[in-house]
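Notes to accompany the following structure.
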Amino acid sequence: MEYQVENISPVEKKITVTVPAEEVNAALGAAIAMYRKDVQIDGFRKGKVPSSIVESKFKSQIYQEATNDLLNVHINQIMGELNLQPLSGLDVDAKEMVRDQDYIYTFSFENVPDIDLPEYKGLSGTKEKVEAKEEDIQEVLDRVRQNMASMEEVDEDRTPKDGEVAVVDFTAEYDGKPVEGGEAQNFDLPLGEGQSLPEFEELVKTLTPGEQAEEDITFPSDFLNKDLADVTVNMKVTLKAIKQRVLPEVDDDFAEKAGGFGSAEEMRKAISESYENSRNQVAKSEAQKAILDKILEQVDFPLPPSMVENQIQAQIKQQRERLERQGKSLESTGTSEEQLREEYRPEAESLVKSHLVLLAIANKEELSVSPQEVEQHLYQMAVQSGQDFQTLKEYHEKNNLMYALRDQLLADKAMELIYDNAEVTEVPAGGSDQESSDEDDSAATENE
């Protein structure tokens, strides 16, 4: 077997492989032997069918298996000899082999670019000092109180207002015919939360319990249900009742119901600790990014196009999903996918550059990730997302995502190594690098 390497670009390679006829025949012979061992054909004993008959009867399968075997052996051998690290799937151009003839095929891929790493240990950085304040604790308590609030009917003859829930019956008609899904009884409509059309909420807020009203209302052009976009319907609504949230008092009974705490004071302490742990993680991530940015400023190398493209596509997908949750579509915003691509490209390139630099550092430091670590991370992902672990694992394996997951864990380890070897000082909330140099007397050194 011989091969030639062609550098399409600094990160793209094309390799042409020539397999001599003798090796082609040997691969076919091995595949035929595997089939011949188990095949059963009338008139012949098992394992005694002539090779020519086996080849004729199972030619398609035999030639495909022989081709796959050659490709796997050769590609792995070439990658090892050249010490190449493909970043993307291989694009293989391989036609069917022909007995007694040389076999030529090509495969192309993107390779990890050469990165001349600057010094990445001993860098300086700052981390925001985190301390839970009374207003932070109270904000969490208020959210818990909102979640545990009871809904009680308002015993007043008045119109409802934002923050309350209107209990309504309503129907929607178009051209005198009911709109599918446009009817409900005793429907709880939260007011002021943007969960309904603004015009409909305003109509409801003109009524007192027992009153009825109707009005023509036009759905917006970006309404998720395309059949109703820009359509004007006649809405009839009856206000049945008004409910308001009654918040519980923060006492020992509330603390026990909220999370099994022994007292309100114990709950406050737990909230404070949880807040500080969470904010510390955010502060640490921000400090890590600032330190990594110092490294990135000192390196320049070509980025693999497919990695940038995949990152852009992931961001576009996230934007589409965000809009769908709001009942909108990307097209309805007046922004084209091409515009989004250009908007997202700088961030995508930055993320890819960061990832590759961290992988280069991981390689230089001989960091590794075990299969057990990958599985543990997958398990945590399953728990957090509420998915079945085995299903999630099979999805990653089927879609060749296990290597990407491993690389992300490697990059995380490299970032931890950089941070652990940096000179990081704590600064007051909102502090900057300049402020930290002016306040050395009060700043606490986290890493020596």
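In case you wondered, yes, glycine gets a Cβ from its N, Cα and C as well.
Taken from TrEMBL as is:
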- 123-154: coiled coil (COILED)
- 435-448: compositional bias 'Acidic residues' (COMPBIAS)
- 1-143: domain 'Trigger factor ribosome-binding bacterial' (DOMAIN)
- 157-231: domain 'PPIase FKBP-type' (DOMAIN)
- 264-419: domain 'Trigger factor C-terminal' (DOMAIN)
- 320-341: region 'Disordered' (REGION)
- 424-448: region 'Disordered' (REGION)
Tally of residues which DSSP labels helix, strand or coil - the domain 'Trigger factor ribosome-binding bacterial' (1-143): 59 helix, 34 strand, 50 coil
Segment-level pLDDT (mean, integer) for the domain 'Trigger factor C-terminal' (264-419): 92
Residue counts (helix, strand, coil, in that order) that DSSP gives for the region 'Disordered' (320-341): 14 helix, 0 strand, 8 coil
